[in-house]
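Please read the structure below before turning to the comments.
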Amino acid sequence: MPPCDVTVYVTPAPPPNMAAPVLWLAAAALLSTVCEARALQDLNEVFYSEIRDLLNRHTVRQSNEVSPPLRPREVPDWPASLPHLGQVSGVSVDPSGQPVIFHRGPRVWDHSSFNESNHYQHGTEGPIPVDTVLTLDATRGTVINSWGRGLFYMPHGITVCPRGSVWLTDVALHQVFKFRPGRTTPTLVLGRRFEPGSGLRHLCQPTAVAVASTGDFFVADGYCNSRVLMFSAQGSLLRVLPQPPEFLSLQVPHSLTLLEPLDLLCIADRENMRVACPRAGLQGYEARKPPAVTIQEPDLGRVFGVAASGNFVFAVNGPTSPIIPVRGFTLDPKAEAIIDHWGPASGFNKPHAMAVSPNGTALYIVEIGPNKVWKFDLV
């Protein structure tokens, strides 16, 4: 029995050519649901769940040839213990399937960290005096390797390539670094040390890197510039996003993930509370394809992390408002829709980044408060 009296409107299944109009008529009918005893958050949840179900049924009829996405299932009591962990700002997974995290040690990003011109205010404290890059055992969660002591000031994003190279972003330095496996001296550096800027030789609090199979890579730049830069494998600038005909207005691109089969670059457009997926441009221009797709629904909230899994995208939001839960989402970019939501039994607090293992069997999410790493099996 429902918890209170509701009025329900049922619409017969429409013919295929009438699907979209009837979906919106059904959505309008749901607005007339009256439930005085139900809290606003519960009503919000029910409404968008019903809308999502309607959209999903329509999507399945159009895309039934695509395998359904895997669902994250929390791995309990993982990791066993990670002492002395600072704010965990980034996570990736190396070619052997071991998660690699980027944390801030004793350093904390707060209101005093930057001035109004985005210059870091605590450079005299020196770099973080502990190892900031930790490789964890995928089974037990114990630390099996660490490095990064004395190199970074305010860690943010990490990406490990299929060949093992590690890309790191530091928002205090306003730089992006590429390290070869086992090396602690970067082979490529983008941006000017401690110099924020909007020119093509400067970055401003860069947040994330996504690397294509071609070696070309994308940099989310970031908190100040709200743009994405595409570079060749050698580090030459190829493209600045957004650009016509994309007409996207990004506001803190916080995370990136590539769906190469669809030639899409999906961006956690945090303050616009959406996931925007412009054409990556890895396959050349095809006029018949749309320049960008967007997933934006009222219950999505501020999106902090995205990670591709096949032709689907996992996303996680962060604190937005009392009526929007902090949780994970499964997105279908082709349908421009949320198709599932999920999370740990105890709930998230402040998730910041996420990554899928190369074999597609595990998902990792890290938080900056409490400083925590989650593991989910994809089943």
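Cβ from N, Cα, C; glycine included.
Automated prediction, rather than curation, is the source of TrEMBL annotations.
With H156, H352 listed by TrEMBL as binding Zn(2+), the candidate from H84, H254 annotated for that site turns out to be H254.
Within the set C204, C266, the cysteine that TrEMBL bonds to C224 via a disulfide is C204. Record source TrEMBL places C266 in a disulfide bond whose other cysteine, from C161, C277, is C277.
Cα-Cα distances to R104 (protein binding site) place none of the recorded positions C204, C224, H254, H352 within 10 Å.
Spatial neighbours are here defined as Cα atoms within 10 angstroms of one another, and by that definition the neighbours of H254 (Zn(2+) binding site) among the recorded positions V91, C204, Y223 are Y223. Residue counts of the repeat 'NHL' (141-182) by helix, strand and coil are 0 helix, 21 strand, 21 coil (DSSP-based). In the three-state DSSP scheme, C204 (disulfide bond) falls into the coil class.
According to DSSP, the secondary structure content of the repeat 'NHL' (195-234) in residues is 0 helix, 19 strand, 21 coil.
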